[in-house]
Each structure stands twice: as structure tokens, then as C-alpha cells.
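*Asks:* According to TrEMBL, the transmembrane segment annotation covers 30-48, 69-94, 114-135, 147-169, 204-223, 235-255, 275-294. Annotation comment: TrEMBL describes 50-295 as domain 'Rhodopsin'.
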């Protein structure tokens, strides 16, 4: 398809003789936009399903859910900026940007790219904070895991600050522009290379992903349960490993975009990868939360019990305090994490003496389906402190 801007640039004599119209008309805009929208739609379905499940089925909306919602909003904003950048021609051949686009458009794309990557960096931070809050709910009585999560939190924040500062202060004086040598304002600024800044940011992002998605691996090693159950649980907790591959791919595109002569030709795939990185992180962290919704509407399982109390079966054992019960599985491996039973940390004695667990024991025998107990709370008041401390010593 012929771009009228190309024809006009050739007519105005702005295009050198060695650059053909066919070359300038080449575009990967449509596939990039389709891919970005597809990833966004899939992510939105899963994330909004997770939020609906937590809010209306589980009836508990935690800090990790709030952070996920903020992350999803940032993703939507970032997607809008990406599509606008693609439509303006940021992902065309570098000759297109230099000879076809007018100077105001070039500067506008630079400012949009500046803003878009601040939003991208903030979105990834919120995604990772959501993941840490989720993992904290799973292992809140494991002192060493809690300490590890706090350390990772500090590293994520420490990594976020230089990422943002590198983008904001990439030029002196500070500007949203990233001027090329042929732009009139090039001599007014002293700037770091675009590829250098984004390579450093991508490397820091990769390290953060390795730390974040390494936590479930440690959790699976800590929990004592049959190998089959660990494999099933791993299928729910470990999809985030794919994000590490996406981070590596982004780093490759950033390097290609800076140090290839036709640097802008890799820009569209890089934007698609960045959207995929945020989307894959949100999906990986939302899979466990979608499970109740999947059970109710796909598997047609009755996840409600005791409608008079207004609580779901997932939440009926909850008290008004504490965290979640997946963390207790290391202490009592006979409790099946993958079936709908009470795994609270109130102790085996309470578990065996409570009459209300008869319905749960029925599902214990069948053990069909996968239910990650991320939505059970435990009582951690004075009378339960002894059992909690004993559990902590057994893990240590």
C-alpha cells in the first residue's frame, strides 16, 4: 500500500536518489497493532476474571488485587501510547523517519516514547509488587520466606529508581526529546544513547523477573507434598517463568534497535514484546485467582456453601485476621493442597475435632480438580501463637 507521505516527500525532493519509494512504503505496523491488541484482550479477560472472582466469589479483595488493577490500568494506557507511536511511523524504516516525517512529528514521537516508557516501567513495578503481595499471602508464617520477599521488594524498588531516573535524565538539560544528529536541536542537549539507556533498563528488568519468579520455585521446594501435587501446583504458580524469556527477547530487540543502521525497524516488535511482558506477568499472577471462576462456570462445581452466611466455600473457614493457608502445607503434608479442604494453621487437633470438616473430607478422598488454597485465612491471635511458632520451627 502506497503511503501518501512517501509520495509527497519524494515530490518535495527530501528523499535521496538511493532510497526507493518501495523501501519507504514497507511497513510492519498492522501485525504489530494486531499482536498488541490480542495480548491486551487476553490479559484483560484473565485479569478482570481474577478480580471478579476475588471480589464476588471469594469476597475478599486484597492488596495484591488492588495492585493488579492498577497494573492493568497502566497496561491499557501503555497500549494506547504504543498504538499511537506505531501509527505515527515510529516503527518504519529509519529512512522513513528521517526523510518522510516532518520535524514536529518526529519530536512528538520522541516525547510519546519518553512518556510511554515511564508508564511501562511503572506498570512493571506494580505488577511485581502485586506478585510479592500474593506470595506474602501464601507464606506469611514462613519467617525465612517472608524475609526473602522483603529483600526482593527492596531490590525491586532499588532497581526501579535508576530505571526511571535514566529515562527522565537521559539528556542535559532535561527534555522529553531524544534528538537525532540531523535534528536542529541536537547541539542543545548532551544525551545518553537511547539503546544504552534501554539496554540497562532491560537488564535490570530481567534481574527483577528472575528474582520475582524464582520465589515460587523456592516455595515448591519448601512445601512437603507428593511429587504429583507439586507438579500440578507448579503448573499454576510457575507460568511466570515465560516472562523471563520475554525479558531476554526485549533486550535483544533493544540492542538491535540501537546498534543496527536501520534502528527503527525493530521498534514495532519491541513495543509488542513490552506489552507481552506486562501482559504475561499479569496473567501469570492472575491464574490462581481465576481458578474459582473456572470451577463455577466451566466445571460447573458448586463453590458456595451456607448461603445464609453470605460466604463462599472458599472463604467460609476464614477468620477476620491473618493470612492464607497454603503456607501451612510444609507442616502438614497430609493435607491436600489441590482439593477443597481446610488447611488452616490452627493445628491438626482443631482440624480433626471440628465437625464442619466432614464435607471437606469428602473432597479429600476424591482429590479431583486443582484448588490452590490462596483464599483461606487463619487465626493468628494469642491462643494460636503456640501452633504458629511450632510450625515456624519445623520449617527452620
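Using N, Cα and C of the backbone, Cβ positions are placed for all residues, glycine too.
Could you tell me the structural context for the features on the list?
*Replies:* Residues 114, 117-118, 121-122, 125, 128-129, 132, 135-136, 139, 192, 197, 200-201, 204-205, 207-208, 211-212, 215, 218 of the same chain lie 6 or more positions beyond the ends of the transmembrane segment (147-169) yet place their CB under 8 Å from a CB of it.
Outside the transmembrane segment (235-255) by six or more residues, the chain places 131, 195, 198-199, 202-203, 205-206, 209-210, 212-213, 216-217, 219-220, 266, 269-270, 273-274, 276-277, 280-281, 283-285, 287-288, 291, 370, 372 with a CB less than 8 A from a CB of the stretch.
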*Asks:* What stretch in 30-48, 114-135, 275-294 has the biggest tally of Cβ pairs under 8 Å against the transmembrane segment (204-223)?
*Replies:* 114-135
*Asks:* If we skip the immediate neighbours and take only residues 6+ beyond the ends of the transmembrane segment (114-135), which ones have a Cβ under 8 Å from one of its Cβ atoms?
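*Replies:* Residues 62-65, 67-68, 70-71, 74-75, 77-78, 81-82, 85, 145, 149, 152-153, 156-157, 160, 163-164, 167-168, 176-178, 198, 201, 205, 208, 212-213, 215-216, 219, 240, 274, 277-278, 281-282, 284-285, 288, 374.
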*Asks:* What average pLDDT is reported by the model for the domain 'Rhodopsin' (50-295)?
*Replies:* 90
